[in-house]
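Data block below; observations after.
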Ligand SMILES: NC(=O)C1=CN([C@@H]2O[C@H](COP(=O)(O)OP(=O)(O)OC[C@H]3O[C@@H](n4cnc5c(N)ncnc54)[C@H](OP(=O)(O)O)[C@@H]3O)[C@@H](O)[C@H]2O)C=CC1
Ligand SMILES: CC(=O)[C@@H](O)[C@H](O)COP(=O)(O)O
Ligand SMILES: [Mn+2]
């Protein structure tokens, strides 16, 4: 039996992971499930899969969680510390599917106890890639990509030497507004931005997809996962979301990964790795699909991609600033305080201000320095939004 923990079990990735585990209950033993506000789902899933412990991120919901688990014998706990403690419990495979930088501390704990970390939480890699990689190496642990594009690259690289890799191309659907003229984007609503043309995902990544911040994060994620130089990383707009990524080799070959837009493929690949096993994912009928389309991203339309390149050039803690500023700008957009296009303005301004402060983003990467920069960046983003209001 493999011992499994799912961080962010109540979300889109967490639920798909539970779906796969439920299909082969004899193979897996669930150690811990963590969630946020959705106590009903957390408790009911913990009961169904027989978890040892269920943890909510919110202290004020502990009594509700205890009540929902009454009589089950499943432990209940609450708070960020408790999530990290759950991640530190011995497990063979830990799904990192919390949304946002809150996924970093428990991800590190999972690696420190030697677990394989299946990483959907791209924000932690953007904010602290070298720290995660170095922690994995120190504890002889492994990080497997779950983000669809990075799983695709990982699969295309199987058996290949990195010396032969010339380019990595990640595809972008173009998001909710890909067919809208830019003039209309200033006034889009949160509801409009929260619908993805191809993928069913949590609200935050769906909006990031519409603004291309998701792809910007993924460029940095690719650099960290595969140790690439920024010039090797390309973005290609592909509205069908069927080709997830391509790897270009020195002999001119391009190896593409093609599959339906169903995250159970990438999750299942990480769950079964290094084997391939059957998954409940539809087979593609390419003859019926007929045509696949590709185009270059419009640089003027998507400032997020330019900002990602600037962040990669700066290195150090610039990724932590970028991610935190983006998270806070997104909070402000969702709360109706700024418009859709203002998100990239806020992120750019925060980057400009904090990167200008001598030594700030050049400090050594540790959990403390990343957490410090994360807080500074969020406060700076709040100030920038306030100034724009005046
Ligand atoms: N969805 C997808 O297809 C893909 C997602 N990803 C990445 O995977 C991660 C999860 O995405 P997704 O599943 O869509 O997101 P969801 O919003 O659907 O789920 C997020 C999960 O995190 C929990 N959570 C929210 N805030 C906190 C917090 N502060 N501390 C601890 N837990 C918290 C939520 O709890 P609750 O809901 O109970 O409040 C929920 O369990 C993200 O990093 C995303 O970028 C990557 C590729 C594809
Ligand atoms: C499923 C997945 O990996 C998402 O990150 C997806 O890539 C989002 O689609 P976009 O290409 O629109 O950002
Ligand atoms: Mn992706």
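Backbone N, Cα and C atoms are what each Cβ position is placed from, and that goes for glycine too.
TrEMBL names 147, 149 for binding Mn(2+). Of 75, 218, 224, the residue it gives for the same site is 218.
Of the residues 174, 175, 202, TrEMBL puts just one in the NADPH site with 10, 11, 12, 13, 36, 37, 38, 121, 123: 202. According to DSSP, residue 214 (1-deoxy-D-xylulose 5-phosphate binding site) is assigned to a helical segment.
DSSP gives residue 123 (NADPH binding site) a helix state. Ranked by CA distance from residue 122 (1-deoxy-D-xylulose 5-phosphate binding site), the binding-site residues 10, 12, 36, 38, 147 have 147 at the top as the closest.
Cβ environment of residue 10 (NADPH binding site): 35, 36, 38, 41, 42, 45 lie under 8 Å away, each six or more residues apart in the same chain.
The two recorded residues, residue 147 (Mn(2+) binding site) and residue 123 (NADPH binding site), show a Cα separation of 11 Å.
The Cβ of residue 38 (NADPH binding site) has 16 neighbouring Cβ atoms from other residues within 10 Å, across all protein chains displayed. Within the set of binding-site residues 10, 36, 38, no residue has a CB atom less than 6 Å from any atom of ligand 2.
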